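J.: According to TrEMBL, the Zn(2+) 1 binding site annotation covers Cys11, Cys14, Cys29, Cys32. Taken from TrEMBL, the feature Zn(2+) 2 binding site covers Cys81, Cys84, Cys109, Cys112. According to TrEMBL, the domain 'TFIIS-type' annotation covers 77-117. The zinc finger annotation in TrEMBL covers 11-32.
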Amino acid sequence: MDIFSNCPGFCPSCGSILPELQVKGNVICCNCKQEFQPDVYSGEKSEFTIHFNTYDPSKVFNRTKRESESDADGPVVERKCPKCNHDKMSYATLQLRSADEGQTVFFTCLKCKFKESENS
């Protein structure tokens, strides 16, 4: 009863999708447990495309100083830097102490990159 014999990759007896072809040995259908020669895959084509990462040295070595708000390390707030008196700093929060205490807020000046922390 080879109804599906002309469909490569499908079991010729029951029509189930056959498992991948291994390096050696025959193919066993997972549904009807019949064993077939590897030529049951004859006529089937496989294509593979391998994409490699590209290396762009200009992105690694030509980094400029970050001075704009778009390059901030987080949200920007109006807070005066104690070192250069710039009026904007970015911040990030972490829970460094126990859960029943407040978070630690790390501020970074957008102009001079001075960092300070505050326990809230």
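Glycine residues also receive a Cβ, built from the backbone N, Cα and C atoms like all the rest.
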J.: Any same-chain residues 6+ apart from Cys109 (Zn(2+) 2 binding site) with CB under 8 Å of its CB? Would you list them in sequence order, or say none?
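T.: Result: Cys81, Lys83, Cys84, His86, Lys88, Met89, Lys115.
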J.: Starting from the Cβ centroid of Cys11, Cys14, Cys29, Cys32, the recorded Zn(2+) 1 site, name every other residue in that chain with its Cβ within 8 Å, sequence order please.
T.: Pro12, Ser13, Gly15, Ser16, Leu18, Cys30, Asn31, Lys33, Gln34
J.: For the zinc finger (11-32), give the DSSP counts of helix residues, strand residues and coil residues.
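T.: Tallied per class, the zinc finger (11-32) gives 0 helix, 3 strand, 19 coil.
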J.: Using an 8 Å cut-off from the Cβ centroid of Cys81, Cys84, Cys109, Cys112, can you name the remaining same-chain residues around the Zn(2+) 2 site, in sequence order?
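T.: In sequence order, the nearby non-listed residues are Pro82, Lys83, Asn85, His86, Met89, Leu110, Lys111, Lys113, Phe114.
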J.: Including all protein chains shown, what's the count of other C-beta atoms within 10 A of the C-beta of Cys32 (Zn(2+) 1 binding site)?
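T.: A 10 Å sphere around the Cβ of Cys32 (Zn(2+) 1 binding site) contains 12 other Cβ atoms.
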J.: Look at the binding-site residues Cys11, Cys29 and tell me which residue has the greatest number of other C-beta atoms within 10 angstroms of its C-beta.
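T.: Highest number of other Cβ atoms within 10 Å: Cys11.
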J.: With DSSP as the yardstick, break the domain 'TFIIS-type' (77-117) down into helix, strand and coil residue counts.
T.: 0 helix, 18 strand, 23 coil
J.: To see if you understand the setup: which same-chain residues, six or more apart in sequence, place their Cβ under 8 Å from that of Cys112 (Zn(2+) 2 binding site)?
T.: Cys81, Lys83, Cys84, His86
J.: Could you check the binding-site residues Cys14, Cys81, Cys84 and say which one's CB has the most other CB atoms within 10 Å?
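T.: When each Cβ's neighbours within 10 Å are tallied, Cys81 tops the list.
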